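**Student:** Following this message is one structure expressed as structure tokens.
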Amino acid sequence: MPAPTEIELAALPRATVRPDTLSRASSTDKLSRVSTFANLPDLTSTPPPELALLSTSASGRNSPAAEEVGQRLRRLSTNDREEEGRGLPPVDGGSGAWGFVVAGFILETFIWGFSYSYASILVFFESHAPWSSSSLAALTSIGTILLAVMFICPVFVITVFRRYPERIRAMLWTSGLVNCLSMLVASWATEVWQLVLLIGVLCGLSGAVLYAPVLLWLNGWWHDRRGLASGIIFAGTGVGGTIFPFALSGLLDRYGFPTMCRAWACITAGVYALALLYLKPRVPLVKPRGERAPWLSIHDFRFVKDPVVLALTATTFLSSMGYMPVSLYLPIYTSSLSTPGKANLLVAIFNLSSSVGSTLTGYTSDYSLPITLVVMGTAGAVLSLTAWGLASSLGAVFAFAVLFAAFSQVCSTWGAAARDAAGANPHLSTMIFCLFGVVRGVASIVGPFISTGLYEEALADDERAAWGRFGFRNIIVFVGVMSCLSGLGGPGVYWARKRKLALKAAAA
């Protein structure tokens, strides 16, 4: 049989790979890495450059299983020019990527911005019946549970999304409806436990479902500039936290809590509908042709052994332990110096500074994550122990709020850390984000719980103390210590990176 000509070779279909071919390719490093990518869930896009090598060097007859493997591999390439030519939008730029950032920013603004504006509602509760008869710890628990549920639940929500991608849109619209109805029903609540259930649990859970696609699809749209993209999205918390304290307090003071809940339910119904129309993945959602993605397992958390992940996990926990008490109790401190109106202004300024700091932190973490963490921890410790501890006027408290909020945005470092640990693996990067979220959620419960025990209510009216007025002395010390310890994350990440390089060199 004569040898085929070049023209005949060019006309042949691209070779596909049988599953058993992958197992026999263990002697080749690049092929073994590709085989691990084939096991990833088919949800986000980002394939390895080795796909070209696989398609040209492997041989075998066509089969449905092999075609499915090829489809999954092609969906995992970040830099695959041929993939983009088939219609998929580019990564790290373009209308699709920036449209995703805008939709994520809107959801961040209303879901997380409201959560971080709860301090304004807390100030209202303290001075209005029937809530004023409840303890500060009980009233605070509404906001802490809301935050904790939204931080912890995405890891489980994303697992469901991976398994049933064709049902994601229906789940998102259902969650938006539940979120709005929960706020509407809360307008008739008369007990704290009812608000804990409706606002803390139901709004928190539905908000987590609404926000989960931002974490799930971010890594498909952004890779090299992921820190900038995540910083812009996370800045929505600060923007919402700047506007909503005035809006919420205005509604509360003029119309009361029931009307505020009903108005918020109507507003968010329209906003969530608009955001969901434009929140799209890079790769269209389809029902898996083969076996569905597995449920959450220990294998999904294999990345916890990564030194960089371990270092930033500890940093996130310590930084959040210090940040949460400040965001909740600083308005109470301000109302002791002045009026509740000034406390609402402080919440707005605190969240606005958080927005600016979030973007800057995301930008600087792309260049030097260790230095960013050291500066954040050092600044937080110094500011809390000096500016807050000695604050005896509104000006001093406001200055502390601006600076502390700007230097405490540890969430904006997650993108750089995930890229460092996961590279172009979208599933692994998403799970790392979820782990950090769970850690922050736990800290959002533990931090305020410890701070409530440290608060000296007997000294609430003490204005004469030179340091740590109004019973906040122990809380200030706690925040300073947590911030200082979080600064050790910088050297920790630096050492972790060197450790990884040493292990790779030894393996080579």
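Just so you know, glycine gets a Cβ as well, placed from its N, Cα and C.
I grabbed these lines from TrEMBL:
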type     : residues : note
COMPBIAS : 23-45    : compositional bias 'Polar residues'
COMPBIAS : 77-86    : compositional bias 'Basic and acidic residues'
REGION   : 1-89     : region 'Disordered'
TRANSMEM : 96-116   : transmembrane segment
TRANSMEM : 136-158  : transmembrane segment
TRANSMEM : 170-189  : transmembrane segment
TRANSMEM : 195-216  : transmembrane segment
TRANSMEM : 228-249  : transmembrane segment
TRANSMEM : 255-279  : transmembrane segment
TRANSMEM : 308-333  : transmembrane segment
TRANSMEM : 345-364  : transmembrane segment
TRANSMEM : 371-391  : transmembrane segment
TRANSMEM : 397-418  : transmembrane segment
TRANSMEM : 430-455  : transmembrane segment
TRANSMEM : 475-496  : transmembrane segment
**Student:** Flag the pair the transmembrane segment (345-364) / the transmembrane segment (255-279) as in contact if three or more Cβ pairs fall under 8 Å (sequence separation 6 or more).
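**Tutor:** These two stretches do not touch.
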**Student:** Which one, 96-116, 195-216, 255-279, has the most C-beta pairs under 8 Å toward the transmembrane segment (228-249)?
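**Tutor:** By Cβ pairs under 8 Å, 96-116 leads among 96-116, 195-216, 255-279.
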**Student:** Using a cut-off of under 8 Å between C-beta atoms, tell me which stretch among 255-279, 308-333, 397-418, 430-455 contacts the transmembrane segment (96-116) the most.
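**Tutor:** The stretch with the most close Cβ contacts to the transmembrane segment (96-116) is 255-279.
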**Student:** Cβ pairs under 8 Å only, please: of the recorded stretches 136-158, 170-189, 255-279, which one is richest in them relative to the transmembrane segment (430-455)?
**Tutor:** 136-158
**Student:** Counting Cβ pairs under 8 Å that are 6 or more apart in sequence, does the total for the transmembrane segment (170-189) and the transmembrane segment (308-333) reach three or more?
**Tutor:** no
**Student:** Using Cβ distances below 8 Å and needing 3 or more such pairs, separated by at least 6 in sequence, tell me whether the transmembrane segment (136-158) contacts the transmembrane segment (308-333).
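**Tutor:** Since 3 or more Cβ pairs under 8 Å link them, the transmembrane segment (136-158) and the transmembrane segment (308-333) do come into contact.
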**Student:** Short question: which residues 6 or more past the ends of the transmembrane segment (397-418) have a Cβ under 8 Å from it?
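**Tutor:** Same-chain residues near the transmembrane segment (397-418) but 6 or more away: 218-219, 226-227, 229-231, 234, 238, 308-309, 312, 315-316, 319-320, 322-323, 326, 330, 333-334, 337, 346, 349-351, 353-354, 356-362, 365-366, 369, 372-373, 375-376, 379-380, 383-384, 387-388, 391, 429, 432-433, 436, 440, 483, 486, 493.
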